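Okay, structure first, notes after.
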Amino acid sequence: MSTEATKDSFQTFLAQTEIRFCKYNETHKILGQTFGMAILQDFEAIDPNTLARTMETVKGGGLIVIMFRAMRSLKQLYTITMDVHARYRTEALQDVVPRFNERFLLSLSDCTTALCVDDDLTVLPITTAMKNYGKNRNKGSFEAELTIKGELKHEAELSGVKEKLRQSTAVGPLVQLCQTLDQAKTVLSLMQSVTEKTLDSTCVVTAGRGRGKSAALGIAAAGAIAQGYSNIFCTAPSPENLQTFFEFAVKGLKEMGYAEKVDFEALQSTNEDFDKCVIRINVFRAHRQTIQFVSATDVNKFAQAELAIIDEAAALPLPLVRQALGPYLVFLSSTVSGYEGTGRSLSMKLVADMRKRVNSGSGDHRSLKELSLQDPIRYGPNDPVERWLNKLLCLDTTVAPLEISPHPKTCELYYVNRDALFSYHPLAEELLQRIQSLLIAAHYKNQPNDLQLLSDAPGHHLFILCAGTITDNKIPDIFCVIHACEEGQIKAGTIKNNMSLGLRPSGDLIPYSLAQYYLEDEFAKLAGVRVVRIATNPALQRAGYGSRALDLLHKYYSGNISLTAAEKKKATDTEGQTPRGLEDGQEDEEMIKPRKTISNLLSPLVERPFEPLDYIGVSFGLTTELFNFWRRAGYEVMYIRQAVHELTGEHSCVMVKPIDIELGILRREFHHRWLSLLASAFRNLPSDLAMSVTVNTDMHDASKMTQLTDLSERDSGVVRVAGVTQADFEAISRLFSSSDLRRLQLYTTSFVEGGNVLDLLPKVAQLYFAHQLYVAPDGTAGVVLSHAQAAVLLAVGLQCVTVDQLGQQSAFKGVTPQQLRTFLHKAVSRISQHLTYLASITGKAEGKEEKGELIQERRDDSGNVVGLTVGRKEKVTVNTNTNLLHSASKAVIDGTEGASSSHKTKEHFPSKKGSKRRRQ
């Protein structure tokens, strides 16, 4: 009887309660929504991203329930194998240590609103802190100056603003919907932009989670409808993320006097995947007006918009957000903390670029207005869930101010013990928060899962650059952080099998990328380390600290710091040797608590054995600044992905610094392919970046050029520079005909326009950038163009970019098209002069005066060609000798033998009808 009653009660509960069931891989759809309770099942499938997405939706006073499977001891939770661990294992590294589990479980004891139960619904002792929640709270602890007539000060200020604007018909009703003073100010700023109706204007709204960004955008959209805007388009990662936006857009219309079903209607999606979400509001009071959801992949539809609203823009691919900016008003919102805020591509890339354009004063920029919200709405200030989640996942870290900043050469690199770092010890927590603050501040592609990767993945290492001397029991100032991981040592059979199936297992990024690109599996057998991330303190950027850290890292793995090499992988790292939490033998203990003592957090590199390696590598999104930084550090480009990254719009680039291998063959192979792909896959790459990748800086250094030049076979006409055979006239004649060379000569003297040699420029540029023209076969100096000349030649010759298009690139701002044409003309002239010299030293007659040739070279006193002399061909004339009409047989045809004479005529004596011979 009771069982049936319980079932009926449960069914009634399900029917009367709004419950959202969601799989972990679909939790991105609930971003921005609010729930009173969150229940997480299947602990093994939980990852930090899931924690952040789900727990951020719980409102103040809500409850979080985490369910575990029944087990004999709580400390067995430390060793649970998580589903995500399968992605961390590589062929050479299989042992995963679940450090994140211990820290996560220990942190639950500090969360007063989390409830942990097992399969039998038994409350676990982890959540004992929840019993005391509220007992020690002092209800009268608010300071007097923060209380005005029973309300907090900011609430009183909000009431005052609402009262002042109550009479305003444009914004008064809208402000009444605001919950905080920050939100009211944001709505007023947005409405100011709406009423101004200026094109090319962007308003960026940033805030932490639960501050009311989406609601403010919805209220402003309703105000735009009242101002007469007809087409308002909005987009977000998913339509479900816009439900708060549409909810407050409807509320705003009602506050403005619009009646639902009479003046407007809200339409729901019929797509089952969108769960009947509102995707459109049609307004038909005065004229047809629309607030409509548009997928982020269909931003071309924004062309008809008057107002475009992009909610949670940081979660969208950056290229799509850039495409959405057009000649209309744009509202952008982005979460700068929490899960949505960890991918900071919007604030670090797009907004920073817009801010730079505004500050530069250029005439082609969009006006920018930046707004932020601080006061929470979904929960109260200092909410325990937000505070606990931010601490656990390091979501709201700030860079600590530096006490000292010594010269980079006096700094040393220290190894961080991950066992100690994730032990939840107070000192370790302080160090972890500082490290994460640098990593998050320096990179725009961050997510909470990165923290678990750093803690659990085998073969991952953490280094920090600090002052040469550090004190005990105090966290030192951190100048630079390096997160590195071991890669490679893959068996030949494994890599061949994976490559045949098109598989690229995670964890061995560089080996598989290069093996697939070069079709060479030997590289995957090598042992290497990849720099996953490097972050320098923002106050010390471009001061040499990052370069110092990389230099010490290379010396360490080269055996120049620690003289002891590790014999086995397991012996190199003392981390994880003891099962987490079981080292004290108290396996049956009911309570879990942080360790009282921990091993050394930091170790000098001289005290730690190094892993013998063949190379150090890095993979990053290709930009000019980053590429130049890694090149200065001694890294060589080995691979650039032809397709751009969907999130950032950048090409992935792999660079390698060898330790005990020779990369000359792979380097030349990459350069050969790179030159051929510039006209296709990399045609849209900025020419200054393409130039940086193409040009070897050693080729512009006279002393290094001498060292790289091999003249041992000069007598046989073979000269090599950096292993590349220099072109002779025989090689040139295979590429260019005599007519082609003549056209180049005429172009250098401006007798023909650039269009007449446009077909030759790709071959000319290919010759130069293939490093075949640096030295002549006789050992004399060849052609080394200036940087500007080479850049224009590369853009026009290899990337097939017009001079006008080149002038529009940011690197060539301020350079006129005429100046660019001059650079191109000088580059081609110098190369053409070199080709003429090659003809002269090989005895080929292309550069000499030929019989019947009217074009002659003009040289200066040094023998250099300075121009061409073109002889005038005189028209052949026919004259009649009237004195010898009687003898047509004496007609003399002259001028057939001396084509090179200055002037000859042809005399012809035609017979007339009345001549003597005719009469005969």
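Glycine is no exception: its Cβ is also placed from the backbone N, Cα and C atoms.
Note that TrEMBL annotation is computational and uncurated.
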Gly210, Arg211, Gly212, Lys213, Ser214, Ala215, Ala216, Leu217, Gly218, Ile219 show up in TrEMBL as binding ATP; which entry in Arg20, Arg378, Arg387, Arg418 does that record put in the same site? Arg378
Further acetyl-CoA ligand in TrEMBL, beside Ile534, Ala535, Thr536, Gln541, Arg542, Ala543, Gly544, Tyr545, Gly546, Ser547, within candidate set Arg631, Arg632, Arg641: Arg632
By a 10 A CB contact count over all chains shown, which of the binding-site residues listed here is most packed: Ser214, Thr536? Ser214
Name, in the order they occur in the sequence, the residues of the same chain whose CB lies under 8 A from the CB of Arg378 (ATP binding site) and which sit 6 or more residues away. Thr34, Lys59, Gly60, Arg209, Gly210
According to DSSP, collapsed to three classes, what secondary structure does Arg632 (acetyl-CoA binding site) have? helix
Which residues, sitting 6 or more apart from Ala216 (ATP binding site) on the same chain, put a CB under 8 Å from its CB? Cys178, Gln183, Thr186, Val187, Leu190, Val205, Phe248, Leu373
Neighbourhood of Arg632 (acetyl-CoA binding site), C-beta criterion under 8 angstroms, separation at least six: Ser547
Inter-residue C-alpha distance, Gly546 (acetyl-CoA binding site) and Gly212 (ATP binding site) (nearest angstrom): 39
Can you work out the mean pLDDT of the predicted model over the domain 'TcmA/NAT10 helicase' (204-396)? 83
Tally every other Cβ atom lying within 10 Å of the Cβ atom of Gly544 (acetyl-CoA binding site). 17
